[in-house]
């Protein structure tokens, strides 16, 4: 394991836009922005995966694909650390373009969808830097901080490291679910360095105000049980390591829903009065208008975790921002997009990254 101590901070931001396939709509792009039309628009959902929950569960099935990661520990500017898993192309060129990938809630760099993308990008001579948000690499962190929907510090530190180490490389950002929301905040509220040339989000909730993990009866029964054990485990560890936060950590460790967890931990660590105040502040639709990086956002209408109602406030800002293109598929679930060919999502993601990098 390589350990890197980062002493400087960089900042950056993200954004989105709206387009629809099986109800396709394409939105304008300024001449200075790469043409993103035609990407992610040819999806045909097999009949057995037309249900959003079925497609979602298929997306998280284990895969035999293994990315040849090299792990590096990055010291953050607040005295903590995150683990980066780096998948370099065979030639390992110093100027190879880079895709920084950020997972969703309760996931990690070892998620099948991230490893598949890393392997596909490697074949095209593109380096993948897969971030693990705090505690997501299953190692206890040094501070009470976990992460939230607008916590951009770890992204800032990662991009700062990469621009220093690879000054001739272009950088694109790819975020899944909550990871895409974090990258949206980063791209929109921090000044991205010139090396950052594109943002891609997949099934990312633009609003956190609608808590479907708690409020939707089927989602709370099928999907929430896959997330809560991870949060409980992390909180038990933090209760032991941080005595001053022990009471809050133990309460979060037995939380039965996300709102209760956020009330007992996220609000305490990030100083919010209520979960509702946090959800309002962290909703990415607050900042879409400030994105100034070419961006493509992919959504599915039957996504049980990033539902259409969670995107409603975003559409006006998406349509008004010339940097953002959105594709909305009728089906696909949450990061599912299962296809007969088996690799529809990765194929389009690679095409997008190559377009960001000017490789097409």
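Placement of Cβ uses the backbone N, Cα and C atoms for every residue, glycine included.
Any TrEMBL annotation is an automated prediction that lacks curation.
What TrEMBL annotates here:
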REGION    1-28  region 'Disordered'
DOMAIN    98-334  domain 'Serine aminopeptidase S33'
ACT_SITE  177  active site, charge relay system
ACT_SITE  303  active site, charge relay system
ACT_SITE  334  active site, charge relay system
Across the domain 'Serine aminopeptidase S33' (98-334), what does the pLDDT come to on average, as a whole number?
95
Round to a whole number and give the Cα-to-Cα distance in Å for the pair residue 303 (active site, charge relay system) and residue 334 (active site, charge relay system).
5
For residue 177 (active site, charge relay system), which residues in the same chain are close in space, meaning a Cβ under 8 Å from its Cβ, but six or more apart along the sequence?
103, 104, 105, 107, 202, 203, 204, 205, 305, 306, 334, 335
Taking DSSP as the reference, which of helix, strand or coil describes residue 303 (active site, charge relay system)?
coil
Relative to the Cβ position of residue 303 (active site, charge relay system), how many further Cβ atoms are located within 10 Å?
28
